[in-house]
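Enquirer: Take a look at what TrEMBL says about it:
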BINDING   ASP100, SER101, ASP150, VAL151, GLY152, GLY153, GLN154, ASN219, LYS220, ILE221, ASP222, ALA274  GTP binding site
BINDING   SER131  Mg(2+) binding site
Amino acid sequence: MRIIHKDGFPDAERATYRSIVYRNVLDSVQAIIVAMRKLGVDCTVYSNRVLADKIMDYRLDETTAFTLSPEIADAIHQFWGDPVMTKVVDEHGSEFYLMDSAPYFFGEVLRIGSPDYLPTETDVLRARQKSTGITETRFTMGQLSIHMFDVGGQRSERRKWIHCFESVTSIIFCTALSEYDQVLLEERNQNRMTESLILFESIINSRWFLRTSIILFLNKIDVFKKKLPKVPLERYFPEYTGGNDINKAAKYILWKFMQANRARLSVYPHLTQATDTTNIRLVFAAVKETILQNALKDSGIL
């Protein structure tokens, strides 16, 4: 939204994302190494086994000036290039948490490790940190003024906000299609898609939102499309029978969400790719009309 409807991210603000990107890179590669050791999987190239120890010992603290050094960036680059990585991520990705943008950052790690690194807007879009509290963004779409509130999705955050938005026009609920095989960071035995369905059900049937429409973003369609042939959806949702057909798989997940709508609220679903500003621009053109229609209904004009 900042990129599409405002002035994007100035250099000074992008610079504040350095530490987030460094943390994303290091946490992700260390998560892979920990998982490999639990699974009893070794790197194909022996020198990469040595690099794994070096990477595990690295810390973002005073001793490293809280940065990713060129040396450790090169070690991560070599480690990620080991032939066994495809097997670990594709065959065992559901057994540990790995952020979807990890492969992107690993591919850019030499640039990220350079002393003069400044995150690009793409880096900012792919960077991840836990949402805590409530963040407000205001922007205009045509003549429509929109106040958007981003709230924390983690379990510990939900009780802080669910009662705060009784009068909102619409709720945008964003879930990642690609997380059907992943587990929660807070609870490794809970499937992320199942958790998302539980949260959606609690919101759409809540007494706080009886007059609210729900805009459902089924996000990361690009990652979902790549993952589906490698990781069957029916492995995690046995009742699904559509195979590797991306449209059938997306419709099935949408159906799961719609089944939760006991309150019969209006739900407007969209397939999205949040890192593609063109896609989001088109989606939000439709969202604008939805919000406008709901605002007119609330005011009694329609």
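The count begins at 1 with the first shown residue.
For all residues, glycine too, the Cβ spot is worked out from N, Cα and C.
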Enquirer: Within its own chain, what residues at least 6 apart in sequence put their Cβ under 8 Å from the Cβ of ASP100 (GTP binding site), listed in sequence order?
Expert: ALA176, SER178, GLU179, LYS220, VAL223
Enquirer: Cβ neighbours within 10 Å, counted over all protein chains: which one of the binding-site residues ASP150, ASP222 has the most?
Expert: ASP222
Enquirer: Please report the number of other Cβ atoms within 10 Å of the Cβ of LYS220 (GTP binding site).
Expert: 23
